[in-house]
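Listed features, source Swiss-Prot:
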BINDING   Lys9, Phe57, Arg85, Thr91, Arg102, Asn112  ATP binding site
ACT_SITE  His115  active site, pros-phosphohistidine intermediate
Amino acid sequence: MEQTLSIIKPDSVGKAHIGEIIAIFEKSGLRIAAMKMVHLSVKEAEGFYVVHKERPFFQELVDFMISGPVVVMVLQGENAVARNRELMGATNPKEAAEGSIRALFGESIGVNAVHGSDSLENAAIEVSYFFAKTEIVNSVA
């Protein structure tokens, strides 16, 4: 059973879309194995997005991710990484499939509602960034 990391970003938390987004995951068969709400520090956001450190949007991304609380989740299920990516939709909400999370709740390529791991390898790294193994409950689906 695969696991992937999902983050409901500050824009969606601030607009009270948490429940709607979680419902989309659960209706698709993904289960929540761990979840917490946190307000990331600059250090935490920079550490999480370190792979983008040399990209021109890095500081804007960090500033956005520390602008308010986020909900961090471990989603679990068959093909969890790919299913989460499909449910999220394209990074740019204008290009995201109708009914996808980003099409429904995203505003722009930078303010796009959610983050999701892009591979199994990155999912393992990202999950361990936010959660200890003892915090993850292997749900039975």
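Keep in mind that glycine also has a Cβ here, set from the backbone N, Cα and C atoms.
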The record lists Lys9, Phe57, Arg85, Thr91, Arg102, Asn112 as binding ATP. What's the largest Cα to Cα distance among them, in Å, rounded to a whole number? 21
Would you say which of the binding-site residues Thr91, Asn112 has the most Cβ atoms within 10 Å of its own Cβ? Asn112
Among the recorded positions Lys9, Arg85, Arg102, His115, which residue has its Cβ surrounded by the fewest other Cβ atoms within 10 Å? Arg85
Rounded inter-Cα distance in Å - Lys9 (ATP binding site), the residue listed as 'active site, pros-phosphohistidine intermediate': 7
Which ones are near His115 (active site, pros-phosphohistidine intermediate): of the binding-site residues Phe57, Arg85, Thr91, which have a Cα within 10 Å? Arg85, Thr91
Where does Arg102 (ATP binding site) sit in the DSSP three-state scheme? helix
CB contacts for Phe57 (ATP binding site) [other CB atoms within 10 A, all chains]: 12
